[in-house]
Each structure stands twice: as C-alpha cells, then as structure tokens.
Amino acid sequence: MCIRSSSGDWGVFVQTLIISCFIALIQFTSASLLDKLQNNYLVSDFHELIRTDPVANSTLQLRSCTLFVPTNAAVRKYNGTILVSYHMATVPMTVRQLTKTIPSDFEGNPLLYITRNRKGEVYVNNAWINQTESTEIVTQENKRQVMHVINDVLVPLTLLPTARTQVTNPNAWEFLQQSDLFDVQENRLRTYRSQVTLMRKESLYQSPGGHTFFIPVDEGFKQTTRSSLVDRKVIDGHVILNSVLFSAAQSTEDTHTTAAFEDNIKVTVNFYYDNDKKLYVKSNTLVGDSKHSTGVVLAQVLKANIPVSNGVVHLIHRPLMIVDTTVKQFLESFQSLVDNKNGALRRFYEVIMEIGGEVLDDINSLGDVTILAPSNEAWNASNIENIIGNREKMRDIVNMHIIKGRVDVEKIKQSNENMIGQFPTIHSSTFLYFNVNGDDTNEVVTVEGGGVNATIIVPDIAQTNGFVHIIDRVLGVPYTTVLGKLETDPMLSDTYRMGQFSSFNDQLNNTQRRFTYFVPRDRAWQKTQYDYPSVYKKLFMKDFAYHSRCIMERHLLIADDIYTMKTLAEMTKKQNDSIILPTFRDSLKIKVEEEVENLHDDDSTSWTGYVILWNYKRIRVFRPDVECTNGIIHVIDYPMLEKKDIVVSGGSYQLHSNFCIVFANFIILAIAKNLF
C-alpha cells in the first residue's frame, strides 16, 4: 500500500511539474515585444510610435531583434522626429551579449555604439541602459526578441530636407567634407575642413575603427590669424584614436590621450560640465614646443554625440590647443560669442562690467597675470547677492582674484613643497593661499582668500600672458562661522580635530559672539612632533582632552570686537612693550611685529607679514585676518605651548598612577599592622 501510495504521489508531482513548465513556457512565449511595451507604463509613448510605424510593426511580428526603448520622459524631452528604426537591430542581444558596435535597422544601417564604464553601467550611444528593465521573449513564431529601456532618444546623423545629394552612413571625413548637407543646426565647418585638407590629414578622419573627433565650427575662427595656427599637430590634438567617447558615458575625471601624444608633444583631453550643465572639452598640452604652448584650452561643445561610421563627432566652439588670446580677450569672449551666453565665466564677466569694466584695463596693463575666476554658480550664493550692488566693495572683491604674474598649478605645487603656497593679489595687503592634496591622479588644489576656501575646478586655462583658473566660490565674502572655517579648511584639520574631542569647538558656532582665534595650522602641530614627541601624541588622545582644551583656550581671545593683525601691531608699537589680551585661559601676553620677506626665490616679490613674540618664541603668522561671519582667524606656524603644558600633559597620568600606588601601599601597611 505504501508503494502504491508513493507511486501515486509521484505521478501527481510529475503531472504538476509538466503543467507548471507549460504555463511558464506560455508566459515566456508572447506574440511580440509589442505586448510588453503596451503593458509597461514607463515606455507607452514609444509603444505608440511603433504602433503607427508599419515597418517596425512588421519587424516585431515576424523577426528576431533587439529594441532600445526610450522612456516617456526621454521621448517628451526630445524636440525632433524620433526615428524608430534607429532604435532596432536585427540580432537579438541581452546586455551581456551586446557587442561594441551593432548595425541598426535605419537606412544604410548606421552603427549603434555600446560603452561599458568602470561602474558596470552600459550605454548605447549617449543613452544609459536600465538593466533592471531589460526583457527577453520568444514569439509564437519562435523568434527571439530583446528589449532594453534607455533614458535618452537615439539620434542618427541625418541629411537636411533641402539636401539633393544622398549620403549614407558617412565616416568622419565624409561628414566634414559634406557638412553643409547634414542637420547640424547653424554650425558651419568650412574653415577647419580647409586646414585639414591643406595639412593633408584627411586620412586621420577616414581611419577605420572607432575614434572620437572634435571639430571646431567657423565661429571659433573669427580671429583671422587663428586658422593659420591649425597645423598637423593641432589637428592630431582633436582626435582620440581607438576610443568612441559619447559624453554621458564618460566620467569627467577620465583623461584621454590624443593622436598628438609623442616624445616632443603630449596632449590629453577630457570632458567638463559647468554648474549650468553646459558641456565643455578641455585639451591639456602637457609637453609643448615653440609653436604649441603648454596649458589648458577650454571649448564649449555646441553639438555633441554625432555618430559616424568610424566613431563619434563633437562640434566645439573654438579649436583646442591654440593659445592666441590675452586674459582680457578671453574674458571678453564671453560677451562676443552668442553661443557662449551661458559660458563658464559669463557671470564673472558681467560683474566686471557692472562695476565699470576698468578691471579689464588693469588686467591688460599688468603684463603677465593670473585670474582665479569664480564659476557662474559661485555668484548665486545669498551672501554675494547682499553686496552685489556695492561697486566699491565688489571692485575690492574682484581685485582679490587677480595675481600679477604667471601662476599655473605646477608653480603652486612647487611653492607648496617649500611651505610658502601664497601669492599677493592686486588688492592691497590681500594674499591667496594655496593647498595641494592627493596624488597626480586624484589631485585637488584649493585656494583661500579673505576667509573663503574655494576649489580649483578647471586649472591652467592658458592665455598668451598668463592663466585663468575656474574656482567654485567667490573669494573675500565670508559665508561660514569660525567653526565652519575650521571644519572645511584643509590646513586646519588638526586644530578642528582637537577641538572636537575636547568639546572646545561647540562655542565657535555662536553667531552672537565675535572671536579672534590664533589657529595653528597642521604643519605647526607637526613641528611640535619633532620638538616634543611625547606631547604631540598625547595632544590627540581623548584621555588628555582637558590639557588640549587648556592649550586652545590660550589661543582664543574674548572681547567685544575682533583684533586684526594690523591692529595688534599698532597696539604693540603704541605700548612699546608687550600687550595683554583677554583669553579663555586667563590672559595672553604678546608682541606683534611686522616683517618684510621675499615670497619666492625666483623673483623679487616681497610681502609685509606679521610675527608674534610669545614666551621667547617667534611665531610667524602664516595667514592673517581670515574673516568669518562671527570673527576672525589668524593662522600661525607654531602653537603657543609652554614647558609646563608639556609637564602637565605628559606627567599628569603618571602622577595619578603614582598616587594610586602610594595609596595602595598605605592600605596594605595598615592591614598588616592590624593582622600582626
């Protein structure tokens, strides 16, 4: 009976399994992808386009295929005619099976390009594939079909309606040669095409395979001499060989070598987005020669991601590599180019003109000059809006962004190694202080001026008489408290850390107070590591937080107003002796003297700085008068430490231990007397 019962159960199980498999097969087998599209609310708009396209309908009914389906949001954002056939390919491919290039069903079978980035993301042309929405089916006619949902419409290169010549699936040279026939908006490419022909570089644009081509439009050659500077090396610098770079698929951190990368000249390229989401391309001539200056050239991408049979083309507003404008002319270009009305430094130029425009003449008269130019977004901060109408104040702020002389990142790095890292601006008594963090592959350069820390987001834009660096904040307009400054300034992280674990920092966010804080920079604390190795270690231990707090209290002045270094120097001079200042730690007795020093060994630039004389020590003020919203910071090169601080910090723990030992011995002796 048992055996029969088991056999019966087994039969039922097999029968159920067969039915389940049959149901699953029915579910897997569908009439076509049209059914999937119809039931997917994300892509209903594209379903409607296919439904009204007889060729696409026939394909989905009768053939195997791969279908790239833009979301409703992508379809509604796109203004032109959507070509359904360019979203289809004859060979069915899952995400894993997608090859680098796929022939589309569009007339002439132009290629679709597949990019896989380091994050594991997959793109078709400039559209991201949402892999979680990919679907595979087998139709009733046993045809395999795959659907991938994408976030952008795929746009092939198409002819203008007025074109009388038929051009099918052109390569980059054919596109350049017959660009007037194609729909590339109002852009014309005749000047650059003439130079490519003159330099006999047609073969570079005819190269089979997959490459990236940057082509400057005629608007970028308004300067009549510029076209003559487009030589063979410059043309090479506009081509990235063996890499098809659609903009959305690329990280702005990725640097790509161009065809102009050899022993005597080395040029790289990477993409850059400003805060208005405008796309730029940067060429960086790392190694140049007498005809090709080192430095960055920034060009706005006017029309991106044009697919051709041997790669992708990006139209740019000016040629790369060519340095032929002064700093003044570069800034003025943000007015003269209509396409640049939303350019990276449009707002900076407008501010200069709002305060009268004389700054441009000053820049021109300086000879070599370097500009730290805030991005458009930087000017939107609320604290800037409050003073934007004050012409005198704004003139001072703009001057704070201008350095006389050529200062590129390499020079900044060299000065940083020498522990100088500071450059005078044309604003009286204002310096810019630079800091370099990270390695060559992940390098971040910051600049501090007038209490504001900014990051250089586009360095070394080269001009004939200097450099422009784009930064992410406006200098000279404080936007944070003393605590916020400590927290964000990369030179002050050790003082911030000490203040955190001793709870000393809590008070520094109080906007009702006015603080004057002498803050040792990180290298100042590092010096104490060599002078007093044991105390340095203990200063950063929580067990010694009390002692760290006591030391910092000596550095923080308590008063109704702030003390600038100039004020302190004048007080010392008037007193003709030490001055006594009220601090959290009783009082501080110091002298402040002015001194003149040469900034750099390679020039005669000098500056008037300050030195604090305290307890027989000469402590240099590295950065005076760093303004904050609730006070002022003076960055110093050595902490105000006394010998007794070290004895207390180093010996208190031992004193406590010794006391415990003596007390324990006393108890033992007392017990022994009672017992014996």
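Just so you know, glycine gets a Cβ as well, placed from its N, Cα and C.
Residues annotated as transmembrane segment in TrEMBL: 12-34. As annotated by TrEMBL, domain 'FAS1' applies to 30-154, 169-320, 332-475, 479-640.
Each residue in the domain 'FAS1' (332-475) gets a DSSP state, and the totals come to 54 helix, 44 strand, 46 coil.
On the 0 to 100 pLDDT scale, the model's mean across the domain 'FAS1' (332-475) is 85.
Secondary structure of the domain 'FAS1' (30-154) per DSSP, as helix, strand and coil residue counts: 36 helix, 41 strand, 48 coil.
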